[in-house]
Amino acid sequence: METWQEVTVHVHRDAQEAVSHVLIETGSQGVAIADSADYIGQKDRFGELYPDVEQSDMIAITAYYPSSTNLADVIATINEQLAELASFGLQVGQVTVDSQELAEEDWADNWKKYYEPARITHNLTIVPSWTDYDASAGEKVIKLDPGMAFGTGTHPTTKMSLFALEQVLRGGETVIDVGTGSGVLSIASSLLGAKTIYAYDLDDVAVRVAQENIDLNQGTDNIHVAAGDLLKGVSQEADVIVANILADILVLLTDDAYRLVKKEGYLILSGIISEKLDMVLEAAFSAGFFLETHMVQGEWNALVFKKTDDISGVIGG
């Protein structure tokens, strides 16, 4: 019987998506994220509130590697990457890394215990692909397989992106999703009525994972996924462009975004740690955008910009 190696990284929740990406890049065959915040105020599948749990800023990200993997090399790489993330200003907390061997049948189902349906916005609920879920009237369900996902949709940056999409989409729009990762923002855009969505990611693994998640959801044939370096080479105009990536990368796409966003269209930028906020604002204002909405959750910020000549109620430009 084949055995697997389990590596658990205890890290600040602000680093969830970045660390999940690192684990996939080092060869993990799946990741699971245990975050007490996911259960605060949530109900289980039987409609009962979860019992009170101690809230902490630290989460546990568990990755699974084949037995043939040199775990010492993997852990060394993980520690190097975590140090690099910290140098970019990302809060990683007091990191600890644990490991153990796991039988194959345990690996196949062990990580699933971490996931329950999560209501993210008024209309949007993220549901693990293996869970039977009865949606209420008006509730829109996004099915995800978090086993290979770049986050599960519960990170503050993703939540704020989903809130922003819910606010600006009215139906019939063209949306561009830059750095699509798990594809969750593209799927949400489709469910919220967008006509056509173009999803790009530089990472081939993300492109594949996004397509797999899109295929789990009905009515998402209007999402087109492709490898791409931000908005380079893109000529398709859009009513909405959304990007949930690191601030240092966001500032590189604002000029191209202004070129592609239609008049009266929106640019949604998330993944911005507070100390990088001014840098992103300056880049967007320099490109010609006006700020319409600023959302904050903890140390994270999301910004909704508009391309408009009517500057009443907006800032910057």
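Quick reminder: no glycine exception, Cβ is built from N, Cα and C everywhere.
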Checking Swiss-Prot, the member of Gly138, Gly179, Gly265, Gly288 that binds S-adenosyl-L-methionine with Thr158, Asp201, Asn244 is Gly179
Within 10 A of the CB of Asn244 (S-adenosyl-L-methionine binding site), the number of other CB atoms across every chain shown is 29
Sort out the sequence-distant neighbours of Asp201 (S-adenosyl-L-methionine binding site) for me: same chain, 6+ apart, CB within less than 8 Å of its CB, listed by position. Gly179, Thr180, Gly181, Val207, Ala210, Val225, Ala227, Gly228
Please name the residue among the binding-site residues Thr158, Gly179 whose C-beta has the most neighbouring C-beta atoms within 10 angstroms. Thr158
Binding residues Thr158, Gly179, Asp201, Asn244 (S-adenosyl-L-methionine) - maximum C-alpha distance in whole Å: 16
